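Asker: Take a look at the following structure, please.
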Amino acid sequence: MASEPPKPAENLIPSDSNALVQSTNPLHPANLICELCRGFYNLGWVTGTGGGTSIRHHEHIYLAPSGVQKERLQPTDLFVMDYATRSYIRTPTALKPSQCTPLFLAAFDKGAGCCIHTHSQWAVLVTLLVEKASGKEGCFEIEMLEQIKGIARGRGKTGSLGYFDRLVVPVIENTAHEEDLTESLEAAMEKYPDTYAVLVRRHGVYVWGDNWHKAKTMCESLDYIFQLAVEMHKLGLPWTAS
Ligand SMILES: [Zn+2]
């Protein structure tokens, strides 16, 4: 009877281990992140190396590095973190981890499987319009738009918001360094437990979902709604009936 092959000790895994990021499966998180970032670049969401995407795959977190051209991202550029210990098990040489990492981890701690961060101009403009109308404590609120059906009802709840439901997205203030947003992002998640997105004033938006498919659907739906909201405001049309 053949004996079981020895399990590699964790400290023997090379820090630049390519096995974690190389797969012929297009749905492998390392391939998916590169494909998603190319798409998001073309939408103007991750211009000038801003923004990013992270996917949780079982016990591993896949993260794009800081300061890379998002449309040229390769699977071998990705960092991989062990979710339980928060230690990197793959560190590409000559690249720095993303400053978004603690914010992505905050979403994974809430049960997310994927988190997307964009610097979409529509998201930025909406945060300015909310501040003008409701001050710094105001949320983005809108109702009676078909695309609201693209947003899930809340964690642990079944289905999506309906046409007559009001979509509420909290807004937090920007900070000099991205990682310093973590505390206020977590506070917004606690205060609005049903939200799958948090806007950051003059900066962009964080959107997460149970998996990459849901996160992408909600990020696209929200961006569509943000753009529509800006155009409605320009035309003097209200976002809500009351
Ligand atoms: Zn950012």
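Quick reminder: no glycine exception, Cβ is built from N, Cα and C everywhere.
Remember, TrEMBL labels are computer predictions, not curated facts.
So TrEMBL lists these for the protein:
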DOMAIN    31-230  domain 'Class II aldolase/adducin N-terminal'
BINDING   Cys100  substrate binding site
BINDING   His117, His119, His203  Zn(2+) binding site
ACT_SITE  Glu146  active site, proton donor/acceptor
Asker: Within 8 Å of the Cβ centre of His117, His119, His203, which other residues of the chain have their Cβ, at the recorded Zn(2+) site?
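Answerer: Residues close to the Zn(2+) site, other than His117, His119, His203: Gly50, Gly51, Thr118, Ser120, Ala123, Val200, Gly204, Val205, Tyr206.
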Asker: If you count the C-beta atoms lying within 10 Å of each candidate's C-beta, which of the binding-site residues His117, His203 ends up with the smallest number?
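Answerer: Counting other Cβ atoms within 10 Å of each of the binding-site residues His117, His203 gives the minimum at His203.
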Asker: Looking at the recorded positions His117, His119, Glu146, His203, whose Cα is closest in space to that of the residue listed as 'substrate binding site'?
Answerer: His117
Asker: What are the sequence-distant neighbours of His119 (Zn(2+) binding site), meaning same chain, six or more residues apart, C-beta distance under 8 angstroms?
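Answerer: Non-local contacts for His119 (Zn(2+) binding site): Trp45, Val46, Thr47, Gly48, Gly50, Gly51, His203, Gly204.
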Asker: Using CB atoms and a 10 A radius, I'd like the single residue among the recorded positions Cys100, Glu146 with the highest neighbour count.
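Answerer: Output for this query is Cys100.
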Asker: Whole-number Å distance between the CA of the residue listed as 'active site, proton donor/acceptor' and the CA of His117 (Zn(2+) binding site)?
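Answerer: One finds 24 Å between the Cα atoms of these residues.
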Asker: On the three-state reduction of DSSP, what should I expect for Glu146 (active site, proton donor/acceptor)?
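Answerer: Looking at the DSSP assignment, Glu146 (active site, proton donor/acceptor) belongs to a helix.
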